[in-house]
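Just below is one structure, and these are the notes that go with it.
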Amino acid sequence: MPGIEQPVSRKNETLVKLSSLADEFVFNDEVQLNLQDVLQECVDTYQNYQDEVKKIKNMDHTESEKVSELCKSAYIYYKIVHNFITKVIPHLPEFEVATGPKASKLQAELIKIYYSLFSRLESDKKISYIKNIIIKHMDTQENNHSVESHEQVKLSNKKLPVNRDAIEIDKDSILQDIRYINGKRSGSGISCSELLSLMKMKEDSLLLIDVRPKLEYDAHHIKTKNIICIEPISFKESYSDQQIEKTSMIPSPKHEIQLFQRRSEFQYIILYTDLEEKSNFYFQQLKSLLEILLQRSFLRPIDDRKTKVLFLSDSLQNWIKNGGEIDKSQEVSKIRNRSISGSGPLLNSLSERKTIGAFPDINRNSTKQMPISPLPSLPGSERTVATPPNGSSTLGRINSPVTHYPKAPLINDSEFHLNINNNHSPPTHLPSKDNNPLASSMPIGSDHKPFMSPQNSLPLAPKPPTLESKNYNFISDRSNIIDQKQNRSRSLEPQLPPIPSTLIRKNSPEKTLSCNQMMDTSFTVGLENMGNSCYINCIIQCIFATTELIKIFLNGTYAKHINKQSKLGSKGVLSHNFAKLLKDMYEENSSKKIGKKHGAVKTLQFKMACASVNSLFKDASQQDCLEFCQFLLDGLHEDLNQCGANPPLKELSPEAEKMRENLSLRVASSIEWERYLTTDFSIIVDLFQGQYASQLRCKVCNRTSTTYQAFSVLSVPVPSGKSCGLLDCFIEFTKTENLEVDEQWFCPSCKKKQPSTKKLTITRLPRNLIIHLKRFDNMMNKNNIFVRYPQILDLTPFWANDSDGKLPPGITDEIPARGQVPPFNYRLYGAACHFGTLYGGHYTSYVDKGPEKGWIYFDDTVYRPVRFQNEFISPSAYVLFYHRITS
């Protein structure tokens, strides 16, 4: 009967468990909530629910498993919104005021949104259909597995022989192992036998972190008391521990989240993964997570004297061989699998979905706010509380929230061929060397038109002569089966045309400036501090001094290149709001010129857009300006990435890698850059991204292994002492490092770990170089020494210039230089400064506004010319901005 609670049947058991997941999401947050934040969460989640319903409608219903997973995901989204609307919001203190006669205009608008959502939930007829599908699917599963379950019960009753010798505890040996482990540095590897010793004597003091997909973790993992799973695809190397906790852990069970929150209380944290995974992605992510815990634990710092962070250097197979126990598959994982890797998981996850679809497309009829169509728009007032679990993109390797699998290391599996175009057809000719130092970053063999700044003083180089190649299947071993239509047309490849001289579209909601208009790129406007947002303000002032970038956003050209199919993009949310903030500042400066009253510009709407993509920026807490800078550049890149929907590149076969190692760094890095452009191709890449090589070398046989990493911000170490020069930091960055015994490289030639070295070399220098001075050590102590940085910086000696003329098979002409022609001289145009400690302090900036205005000091709303000639050379400098000069 209606209104009377019925006993839970087996058919409804799944719905109850799904509801409990929604309850955890809503009621497991101890942060004080306010009405606006909760409604924003409701609107975002309801949009996710609608997206799932559309997918269900378009799905082939013969694929019952996929349909069921989508229904479960939709059901959870619905229940989350239902809980907020019926159980949370009515009990907020602000709700009573907002529904009364003394409600403010803002509160009245929020209540309209509340009732709109309430009405939608009440009239929703799709949820009953979704519930029925979930129940029917469970019935089918139970029937299919009944016989299997019976056999499993019979097998489980059989007693297996026990090897008592294997489990006999040798206390002296174990204590010796533990003493050896305690002498290791954090970041070192341990063997299976050493981990077994720890678990026998120190299990309560041990936290294990499994860095594999949730499906693999549920199937089998190391059996111990305190263990959690952090999926390798759920984080990027640029994350902090707070982002891991607030974003990557969203789909994790409550007890795993609590264990991770207590991580600094454990004496040992051990990371492990599947070392036999072919792409090596899991291990690369394990190393990234290790670095995050050691170097970017800002929320809950890890004291190396109390907690050792180590990793298991053996495989799971060896763990079993050494007598280690494995915890097998849990049936509950079939019901509430919340993996965020692969396709069709239960939540799929909240973090990734909110990255991609947290905000609908910007309403193109309004420039005032960011509406959440078709619901009433949330007013653009300040948000200062609430950090409900939210997704993040990390956006690429932001570098890049949730990330896709990384760029596989260059070249095709089968042979050493330049797989430059990945899934595109091979070109019919190879351009010769490009002598233009600022040539745009276009993939080889495409007909991309360069995306050049209108202010670029250097004209495009004339089209170079073409060279026919008789052996041009080096592009890919699949080239002979590619559709020939692609060879005749490049229309499907990403296009970055030159900036037009007229407005890009008639119906654009944003005011745009044509390239023929005079743009005052030296505008000076203060930014309001929206509550510890100085870390945003200082970076915005410096970024907006990059003339090539701001012209593209001021004239609206950027909008033509937003790729809504980009896997890691925000579908234009970040780019549109970045452009709006820029135009607000530009117009404020213009009104100042004609005598109108002027003030500082608010960054609230822009900050809310950032928060919708990455929850790290959601509340009013202080953040690292470096993290924000990386997030912003990577976010803009993913929005504008013309190749953002392309599949990741294949990894090298051992034979191909060995062949690549025989090439010079100059040639090998250029090949890698061409491949990189097939998955990452945007104006941000063209303006800001560089590349460095990390080379391991065996000291016994001299074998090398080199990986190539793209960067938007180059982090250089600051040597200890009273003071140093910036070039000293680059010397430190590029010096050869002798690896410790426990860090030694497994040499493929020697077939064992050998004494080895590691060396970083800069292989590509960008047009605009952003340098981060690494002032914080692993213990979060700040190095405050004065780094003397010059106004003109020559980095030519640090650029790889080892070309010996040797090219890979099949290439008869030089690979395009892409602007990599020495010398590499840079002029300083911005400096973000930090005062205080990592946990508190203040950010300001110095920006060069051109010959007329000179250097300007910015401190939120306050700005002024520098008071003496070299005031901008500050002992507090933290992030430096340099622009390449060509004459």
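Any Cβ shown, glycine's included, is placed from N, Cα and C.
Swiss-Prot annotations:
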type: ACT_SITE; residues: CYS534; note: active site, nucleophile
type: DOMAIN; residues: 202-328; note: domain 'Rhodanese'
type: DOMAIN; residues: 525-885; note: domain 'USP'
type: REGION; residues: 358-465; note: region 'Disordered'
type: REGION; residues: 484-505; note: region 'Disordered'
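DSSP places the residues of the domain 'Rhodanese' (202-328) in helix, strand and coil in these numbers: 53 helix, 24 strand, 50 coil. Within the model, the domain 'Rhodanese' (202-328) carries an average pLDDT of 87. Look at CYS534 (active site, nucleophile): DSSP puts it in a helix.
If you take the C-beta of the residue listed as 'active site, nucleophile' and look for same-chain residues 6 or more apart in sequence within under 8 angstroms, you find GLN622, HIS842, TYR843, THR844, ASP860.
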